[in-house]
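Report on one structure; see the data block that follows.
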Amino acid sequence: GWAGAGRVVLLAVLLCVCWRAAAERLRYAIPEELGRGSLVGPLARDLGLSPDELPARKLRIVAGDDKQYFTLEEENANLRVNDRIDRESICGAVSPCVLSLEAVVENPFDIFHVSVTIQDINDNAPQFDRELVTMEMIESTPPGTRFPLGIGRDPDIGVNSLQNYELTPNPLFSLLVTESPDGTKHAELVLEKFLDREKQRNHHLILTAVDGGDPVRSGTAQIRINVTDANDNPPVFTKEIYKVRLMENLPEGSLAFQVKATDNDEGTNAEITYSFSDVAKSIRQLFTLDPKTGDVKVTGPLDYEERKYYEVSVEGKDGGGLTAHAKVHIDIIDVNDHAPTLSLLPILNPIPEDAVPSTVVAVINVRDRDSGENGEVSCKMDGNLPFRLETSSENTYKLIIVSALDRENVSAYNITITATDHGSPALWSRTELALEVSDVNDNAPVFEEAAYSAYVAENNAAGALVLRVQARDADAGANGRVSYWLAGGSAGAAGAAPLVSVEARSGALYAQRSLDYEQCREFAVAVRAQDGGAPARSSTATVRVFVLDRNDNAPRVLWPAAGAAGGAAGAASAAAPFEVVPRSAEAGYLVAKVVAVDADAGRNAWLSYELVQASEPALFRVGLHSGEVRTARAVSERDAAKQRVVAVVKDHGQPALSATATLHVVLAESLQEALPELSERPAGAEAPAAELQFYLVLALALLSALFLLSVALAVLARLRRA
């Protein structure tokens, strides 16, 4: 069938036809046996796709057949032949021979149905099942008797199939060509004159079968006729044509049908032997004929999908050599013996979780080799999933999204699709499609707490860990990778260095410098957590830092005037002003009050006062919490005129810090009496005493002047009234 291949290739170019049958269906027609790479049609152009659109539209083809007969050219998406296309092996006697496929495009998604009609070429010559046919004719056979000859077979169809028979000229025989209901042509040999065995015992003829192709092809068979002695009665079949209906997949060994012939002769002339007279080898593999009983049994698999009809010629021969012939028409009845087959074409995998409903995820193609209801298939999807099967065409379904996807809840789907035919009992098959959901940045980081509190003791080292914040992001990859930044707060004044810093990866907050409770007792800072998506998402949390007090400040004496502060071992001393106490003072007389403060807080600022040194220890006492210096007893004449009192002020920190205050007390009834004592103060106190004496004298003079002025004004007032 490969002769004339060059002309076939030329025909491919001339016969390639494309037309639009509907809005979404394309039809092409090509001759069979085109070479690989031959053009079927400009698919992209016929679909209205420009070359610039092709990369984005992702044009693909899906064929329901196991064998991929067609392929798309990468550059311009022309449809070309991918494998040898033999119409006879694909479709047999079925006409027209159509191969169907789907063209899928994206952005937006659409499906176009493409059918390619395979046109027959005359690549097969007629052939006979037997090249030599031997026949026996009794010499008494009357003229007009017909004898079936071998059937010529031509796999081609139409005008390329077998059209006629020719017989070599012979005065004794002629050729009669008949046509059966299915269009098959049969050749019969017609006896024109009586035979005479004594004149010629054998006759040789040549039967030629010719088709109608261009050029014409033919096949021949040799016919040898042996003339035998007379046998009065030939066998007679009960029917000239037997019509049989058989279910496909009938078990081997089952009785298919029986033929029966009778002969009015007696003895061996009445013994009839049955045989297939003109049956193809492929049919002989399916049926056997019992030569004695005429029972025909099934010996091979009957498949409706491969062949729906058989025609068999049966011969009955008696013992005298006379024969009779009958034909058997066998119709194969379809049973539901093929489960549907599914082929998947994923369109979008993985699926972005923000894919909108109605987005096409995959295309499912369904095929069932059975016919009628047995070949009608419906598909369903198992489970309650955010997807739906939608019919695209008779054999094609689209898997589309029906509700929003969330990768954080479900990151992958295993979808089971079941195809069930409408036969009885129904057959089904299923396939699984694994779909993954890809992440998009749809979640902002979330802190474990909206507000954090941290406590840091003052005088900390620079770089000390304050607190570690943590935020989680439900997204994946870079979308879920969180980094931390300071977003503002009261952690530092404008233009000043911030008090804390945050590590971008861990979320740890570190003190930038030592903190001082007395300067800053608390502050707040906002920390922003930001993911690595594009665009990035973020959230903030407030961190409030409380500075804890340490006992790092000694008490400071405000009165008497404070000196330098001391530590736990040494105390600060205050300058020693004098206090005048009358000698008539009783116990509890308030001499002075020591006033002190502590910059610390809490227990570190709780102050207590003690008397640590005095000229007369029993004469004075200091209030533990008030700091009031009072006489412990009444002043006596024996007490020295000058007394020195030293008080210590201590806080309650650990360790405790302290300061001291010194008072000089003069026991005198009046200021004038005390002045001599004050003048005798030690040299170190002469300058302050002289200064104090000056102020006292000045104050006394002013008081005297005021008294005199008051008396004068009173006298003047009385005089005016008088």
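The backbone N, Cα and C atoms fix where each Cβ goes, and this holds for glycine too.
As recorded in TrEMBL:
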| type | residues | note |
| --- | --- | --- |
| SIGNAL | 1-23 | signal peptide |
| DOMAIN | 22-128 | domain 'Cadherin' |
| DOMAIN | 129-237 | domain 'Cadherin' |
| DOMAIN | 238-342 | domain 'Cadherin' |
| DOMAIN | 351-447 | domain 'Cadherin' |
| DOMAIN | 448-557 | domain 'Cadherin' |
| DOMAIN | 581-678 | domain 'Cadherin' |
| TRANSMEM | 694-717 | transmembrane segment |
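The stretches the domain 'Cadherin' (22-128) and the domain 'Cadherin' (581-678) do not meet in space: the count of Cβ pairs below 8 angstroms, excluding pairs fewer than 6 apart in sequence, stays at fewer than three. For the domain 'Cadherin' (238-342), the DSSP counts in helix, strand and coil order read 8 helix, 46 strand, 51 coil. Under DSSP, residues within the domain 'Cadherin' (129-237) fall into helix, strand and coil as 3 helix, 56 strand, 50 coil.
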